[in-house]
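A.B. asks: A single structure is presented below for examination.
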C-alpha cells in the first residue's frame, strides 16, 4: 500500500519533493509547491479539455448551422493547436504541459468539418478531414525536422492572433456571437491563463509561454464580446443599421 501511494505521489512530484513532504514533513518548500501546483493544474486542464469544445459541437449539431462561426478563424485555430502539439510532442515535454492540445485538436477539427458540412460544402468537409490527418502524420512521425518545427511554432503567435481576432471581427460585423458557445469561450480563456503558469514551470520554453500570453489576450477579446452581446440576437447590428438608414425619395 505504501509503495502504491509512493508511485502515485511520484507521478505528481519529483523524488526530492516526495521526500520533503512525506519524510521530512517540510510543507513550506516553495519550489516543490509550485511544481506540484503546476502538475495539478496541467492535469486539470487536460481533464477539462476533453469536453471544452463539446458544447460548441453540440450547439452546431442541434441548430444544424455554423452561423456566426468564422471558418478561417477555426482553421487557423486548429493549425495553431496542432503545431503546438507537434512541437511539444517531438521535444519530449511532459504530457501534463501539452496534453490538452490533443483533445482540443480533435474537437476543433470536428467543428471545422461540421461548419463546412452544414454550409453545404459536404465534399470539402471530407477532404479537409483527410488532409488534416495527413498533416498530423507528417508533423509527428519524424518526417519534419526539429528546426522546421521550431520555425512553425514561432509562426503560431500570428496564426493564433489572426484566427481568434478574425472571429472577433465576425462577431463585431454581426453584432452577435452567433452559434459560439459561452461555456467553450469561458473554458478556453481560463485554460490559456493557467497554461502560462504551467508552461513556465514545466517547460521554461519562452516561445510556448509567449504563445499562451497571446492566446490569453485573444480569448479575452472574444470573452468580452460574449458578455457585451449576451442578450443581443444574431444580426442585430445589421438590422439596426438598416433601421437607421435615412429614407430616400424612392422610399417615399
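Backbone N, Cα and C define each Cβ position, glycine as well.
Okay, so TrEMBL annotates it like this:
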TRANSMEM  68-90  transmembrane segment
TRANSMEM  102-120  transmembrane segment
TRANSMEM  127-152  transmembrane segment
TRANSMEM  172-194  transmembrane segment
TRANSMEM  206-230  transmembrane segment
A.B. asks: Which listed range (68-90, 102-120, 206-230) shows the maximal number of Cβ pairs under 8 Å with respect to the transmembrane segment (127-152)?
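C.D. replies: Most contacts with the transmembrane segment (127-152): 68-90.
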A.B. asks: What stretch, picked from 68-90, 102-120, 172-194, has the most CB pairs under 8 A with the transmembrane segment (206-230)?
C.D. replies: 172-194
